[in-house]
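What TrEMBL lists as compositional bias 'Acidic residues' is 67-87. Annotation comment: TrEMBL describes 281-447 as domain 'Peptidase M50'. Among the features that TrEMBL reports, region 'Disordered' is placed at 65-140. Sequence annotations record features per position, and here TrEMBL assigns transmembrane segment to 238-257, 278-298, 310-327, 339-361, 444-471, 491-511.
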Amino acid sequence: MMSSSAATFRGHLVTISRCSSCCDLLFQPCFASAAFPHRSILKLQKLSSSTVRVCRPREVLCRLADTETEPESNDDKEEEAHEDDENPPSGGSLMEEEQADSRPSINDAVNKAEGGAQQGVDDEPIASGSPLPGLRPQQLDESMRIPKETIDILKDQVFGFDTFFVTSQEPYEGGVLFKGNLRGKPATSYEKITIRMQNNFGDQYKLFLLINPEDDKPVAVVVPRKTLQPETTAVPEWFAAGAFGLVTVFTLLLRNVPALQSNLLNSFDNLELLKDGIPGALMTALILGVHELGHFLVANSVGVKLGVPYFVPSWQIGSFGAITRIVNIVPKREDLLKVAGAGPLAGFSLGLILLLLGFILPPADGIGVIVDASVFHESFLAGGIAKLLLGDVLKEGTPLSVNPLVLWAWAGLLINAINSIPAGETDGGRISFAIWGRKASARFTAASIVLLGLSSLFNDVAFYWVVLIFFLQRGPIAPLSEEITDPEDKYVALGILVLLLGLLVCLPYPFPFTDETMIGF
């Protein structure tokens, strides 16, 4: 398995009418009141400054309100306005006296309006989980925020009618979320916008082309790359992964020595018995290794960087697989589908081959492992194959001698299957996200956790697995560079195959092992 913001920019530049004695156009940032209706709530940045300028001969109030991201040149404007107020033009006309008398009332009105706007901005809830979930933005200083001039260039020169026509913009931490109309194919538009950003800003900013969960429409998000730096850990990654790996080796050995499973403490007094579990541990570890190798090979081919795998020990089945972080940002959903599906496909393929060999080949010692036929009811896939290959030999209540390779391969298939459950950041969760999108993936995650929770009442493996998913792999999946384009049908088919195989391994075999069942089968 693999484990790998969004305040809203309300700064729409709206033209205000010309002052009668001014030749330049003034602009005023308008702050909307809409917000993403999500659980995680933040507050918008407070307005840093506001100034009032009185223009003559007609008295027009021009209010400039700038956010913290505005250039520092606004301080000069404040000083000019202050000097205008302190040094009114000479002349004792009645008009000037009336203006002087009315100025306090205008300022009072402005202060009152500003106070209301300020309070509205402070109280405005902004969702931190959409549409860029999975990111943990850093504390931003002014040098990491996108200045107003850059935003203007993005709107006027980077985006356009041929790619993404911007209709509004909203703040996202130190970045900007642009709403508008996507033109042409998403992948083509993303490539054009990225090239224009490179030409204007180099590698300073990162573009995301996503689906807004608020209205299911495309949005473009631009954030400084500095905010996307990966978090560092106090313990080196290889050291923690090595510690988990050693424990997993022990649990794999322990799982294949039934005499020690009843009392775990006895295993430390009888370490020599652990050598009896070496063949089974090696076979299960081989399936796990092929699984992880599939992830790394495909990830390397599509430009996705993976971290060190953390193998998760389990005393019930030996291991729950491995948690492998995706270090960089995945370009598109098809790439994620390839990487997430490659591991389970490789593991299932090897596991099925070994399972078939176990049923076909006789035990090396002539005895093998004695099991009750009812054990094959625990898996629809294993039970169906057993009934198909063993035929009348497989009967209810009858002891059966099987090659231990059957049990070793079955354990490997089960580890692949639980990682293929469509929940959170497991392989299955990433596959469902890549095929059907973020919303559907969230629904699959909720349903899977509920079903696993119910199954945990009867199965301890399900209990530990749902706890692991809930606390370590619940998600959300980190955003992809471009999440709009659907994967090709052939990759979708492979992803669905992985989900079906996982379901067949986990579901019980409901039919009795009788001759009539064989005929019907």
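Backbone N, Cα and C define each Cβ position, glycine as well.
Against the transmembrane segment (310-327), the recorded stretches 238-257, 278-298, 444-471, 491-511 differ in Cβ pairs under 8 Å, and the greatest number is found for 238-257. Sequence-distant contacts of the transmembrane segment (238-257), counting only residues of its own chain at least 6 positions beyond either end whose CB sits under 8 Å from a CB of the stretch, comprise 264, 267, 273-274, 276-281, 284-285, 308-319, 408, 411. Sequence-distant contacts of the transmembrane segment (491-511) (same chain, six or more residues past either end, CB-CB distance under 8 Å): 334, 337-338, 340-341, 344-345, 348, 376-384, 387, 413-414, 416-422, 427-428, 431-432, 434-435, 517, 521. Averaged over the domain 'Peptidase M50' (281-447), the predicted model has a pLDDT of 93.
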